[in-house]
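Below: one structure, written as structure tokens.
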Amino acid sequence: MQKRLTLLGSTGSIGDSTLDVVARHPERFSVYALSAHRNGDKLVEQCLRFEPEVAVVGDADTAARVAAKLREAGCKTEVTYGPQALVDVSESDGCDTVVAAIVGAAGLAPSLAAARAGKRILLANKEALVMSGAIFMDAVRDNGAVLLPVDSEHNAIFQCLPREAALHGGVSKIILTASGGPFRTREPATLVDVTPEEACKHPNWVMGRKISVDSATMMNKGLEVIEAHWLFDLPGERIDVLIHPQSVIHSLVSYADGSVLAQLGNPDMRTPIAHALAFPDRVDSGVAQLDLAQIASLSFEKPDYARFPCLALAMKALAEGGVASAALNAANEIAVEAFLSRQIGFMAIAQVVDAVLNTLPNRSAHALEDVLEADAAARRAAAEFIARLPDGARRTERAVQ
């Protein structure tokens, strides 16, 4: 039976890759709803090609522009806007599958709505689990939702684990691989001078600006450790990170008997997306077959926590529990936004996050309101910390120590 998709974040890199796979298999997939924040022109192009019933944007002005262009083109897609509209298309009876690809905390509410509606969820928005892990996983279990990871690392782990949960007891640990980003071998003393353009040039993957910066600081890998904790019900001590510059092995599972299973493939997000879309079937993703002879060699190294303090901060937040991970994520979003707008330097990102974690009290996350309050408090604290920095010193590491 054809799957009906709501694609949250359709104009981003994950959205592009998802629609590429969907277009290859029109007999399997159709689009119920697409969403974008403010990239109305690209959303119009997608609507004209895939003819969704609903398109969601971030604000009324963008909605009016998109609706006018669609009417002019004779497209009948309904255009709505705002956070509630995202929730509506995520829990609608018009779809059975929700691809959650909105970057950041903005993706939490619609992803949670999809879980509570019992949808099949393809999760690319790691923040939903980072912020509200127990709450989100409870919603999935209590409402019969199906959760399939789209992040390449978590999708790799999913493929390497036994299908039956009862057999997961044989798992010794999971190993998330990381490319090390664009600054893996750069002299640490020069990192204070990194520009947004340099940070956004990932050596292997095509990604959006925010996640590219997170990869450069390795905060992205830290968030993935937290996500893996909730997805696979393993403590942080049994989740390792391994630098693998070629990005060919996407992650590994180590078993009690000494076996290690790994998932390999070319670094292209269409592979995990196609796997999750068609699961348990396999379909063509458009990705070239892996040629190991051409690659010739694969290398590995341990992460340098001095070079990548954000990775250590994420591990610390996971160990502390409560709302610490939500605060970590919120502070990082504010810090990365400030870096991209050239308000602070690259090395200041970790310092801002560290300052927020050390300032805000941690507490239990019993309900979504607890998470949202921690998120808001961390954003305020991060913004206030950045604002207190002298203008001439914001781009130095020393200014935020």
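Each residue, glycine too, has its Cβ placed from N, Cα and C.
Glu224 is the residue from Glu91, Glu198, Glu224 that Swiss-Prot records in the Mn(2+) site together with Asp151, Glu153. Per Swiss-Prot, the NADPH site holds Thr11, Gly12, Ser13, Ile14, Arg38, Asn39, Asn125, Glu127; the candidate it also names there, chosen from Gly82, Gly180, Gly181, Gly208, is Gly208. Of the listed binding-site residues Thr11, Ser13, Asn125, Asn220, the Cβ environment within 10 Å is emptiest of other Cβ atoms at Ser13. Once the Cα atoms of Lys126, Ser152, Glu153, Ser179, His202, Ser215, Asn220, Lys221, Glu224, the listed binders of 1-deoxy-D-xylulose 5-phosphate, are compared pairwise, the greatest separation found is 19 Å. Counting other C-beta atoms within 10 Å of each candidate's C-beta, the binding-site residues Arg38, Lys126, His202 are led by Lys126. With respect to Lys126 (1-deoxy-D-xylulose 5-phosphate binding site), the closest of these binding-site residues in Cα terms is Asp151, chosen from Thr11, Arg38, Asp151, Gly208. Whole-number maximum of the Cα to Cα distances across the NADPH-binding residues Thr11, Gly12, Ser13, Ile14, Arg38, Asn39, Asn125, Glu127, Gly208: 22 angstrom. Here the candidates are the binding-site residues Asp151, Glu153, His202, Asn220, Glu224. The one whose C-alpha lies nearest to that of Gly208 (NADPH binding site) is His202. In the structure as shown, the Cβ atom of Asp151 (Mn(2+) binding site) sits within 10 Å of 26 other Cβ atoms.
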